[in-house]
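A.B. asks: Got a structure here, written out as structure tokens. Questions coming.
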Amino acid sequence: MSLSSVAIEMLLVASLLQLSLIRSRDSASTSGFSRLGCSLFAAVSYGFASMAMVFINKAVLMQYSHSMTLLTVQQLATALLIHLGRVMGYSKARGFNLETAKKLFLVSFFYNANVAFALASLKGVNIPMYIAIKRLTPLAVLIAGFFRGKGRPPGQVSLSVVLIAAGVLIAALGDFSFDLYGYSMAFTSVFFQTMYLVLVEKSGAEDGLSSIEIMFYNSILSLPFLLFVIILTGEFPDSLVLLLAKSNSFSFLVMLIISLAMGIVLNYTMFLCTIVNSALTTTIVGVLKGVVSTTLGFFLLGGVKVHGLNVTGLGINTAGGIWYSYAKYQQKMQKSSKTLSDPEAHRK
């Protein structure tokens, strides 16, 4: 079976899953267990894809440093495969619409800025520190929510976020491989990821687009911007020549193909998790998968030089992430209980 056939089959499964989720969500007879199953699947699949993608991209960038060209190839492959899947009848996704594209322009911009800065940071930041910095996303999401009129977060949420930030600071002080450029890229990525998550949640809810459709528009809209960047920065055409030369290596070619395939899977699961659940749930999943990724990051792909401050800071950062997730879970349960109890109070 060829790579394109495998990719199209993946899109078919994704499309069928998306249709089943939409039908389940829209059906009045859908049980609570079914809705919970959809939400859980979206969260777990995003967590796994996100964790795998960090290591895959790191492995590719260790041999091929042109991160923007890599992102351009990933987006081009995504757009072509979704279009091919739609033409061949594997996907029910609608075709390109100019008005919809205008509405999703900012989503595409923030997404690609997030990924571009994240990839750039991976060239200079080890995986445990990269994950620790990305755990600051919930803090940024809460700040964005405050300015959007959602009010102040509960005390436990605020304290856990402070613990996460303190852990990043302590870990950075003990980072033997400290790279100012890499750190600045990672922090910038946090900002753009926050804006991206909020906008995806809004666009998915208001426009009724499926995860695959948002992913298709995102890929199409990103290509002109990415092509402009790789030409402006001087990556192109040398990066393309190097990519073709590197492809003669079987091991690199396998990693590149996996990277392209996982890029599609990650995009889909991230959009799906944000639409089926929420932007906040997506960030919580990111925090939890970081626990496993941080542990593996000490040993895989060259590992990390251990320092007391670095390990302590990462431990504090991880504890803050777990506490944050628990606090948000409690908050959600309290809101659910209140929603259920209010109708009962009115009946009395």
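Here the Cβ of each residue, glycine as well, is placed from N, Cα and C on the backbone.
Just lifted these from TrEMBL, have a look:
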type     : residues : note
DOMAIN   : 48-325   : domain 'Sugar phosphate transporter'
SIGNAL   : 1-24     : signal peptide
TRANSMEM : 36-56    : transmembrane segment
TRANSMEM : 62-84    : transmembrane segment
TRANSMEM : 104-121  : transmembrane segment
TRANSMEM : 154-174  : transmembrane segment
TRANSMEM : 180-200  : transmembrane segment
TRANSMEM : 212-232  : transmembrane segment
TRANSMEM : 252-272  : transmembrane segment
TRANSMEM : 279-301  : transmembrane segment
TRANSMEM : 307-326  : transmembrane segment
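Give me the lay of the land around each of these features.
C.D. replies: Sequence-distant contacts of the transmembrane segment (62-84), counting only residues of its own chain at least 6 positions beyond either end whose CB sits under 8 Å from a CB of the stretch, comprise 4, 7-8, 11, 91, 93, 112, 115-116, 119-120, 122-123, 212, 215-216, 218-220, 222-223, 226-227, 229-230, 233, 235-236, 239-240, 242-243, 246, 252, 255-256, 259-260, 263-264, 267, 301-302.
Using a Cβ-Cβ cut-off under 8 Å and counting only residues 6 or more beyond its ends in the same chain, the transmembrane segment (104-121) has close neighbours at 57, 61, 67-68, 70-71, 75, 130, 133-134, 182-183, 185-186, 188-189, 192-193, 195-196, 199-200, 203, 207, 209, 214, 217-218, 221-222, 225-226, 229.
Using a Cβ-Cβ cut-off under 8 Å and counting only residues 6 or more beyond its ends in the same chain, the transmembrane segment (154-174) has close neighbours at 128-129, 132-133, 135-136, 138-139, 142, 183, 307-321, 323-324, 327-328, 330-331.
Note on the transmembrane segment (307-326): residues 128-129, 132, 135, 138, 156-157, 159-176, 284, 287-288, 290-291, 294 of its chain, located 6 or more positions outside it, place their CB under 8 angstroms from a CB of the stretch.
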A.B. asks: In this predicted model, what is the average pLDDT of the domain 'Sugar phosphate transporter' (48-325)?
C.D. replies: 82
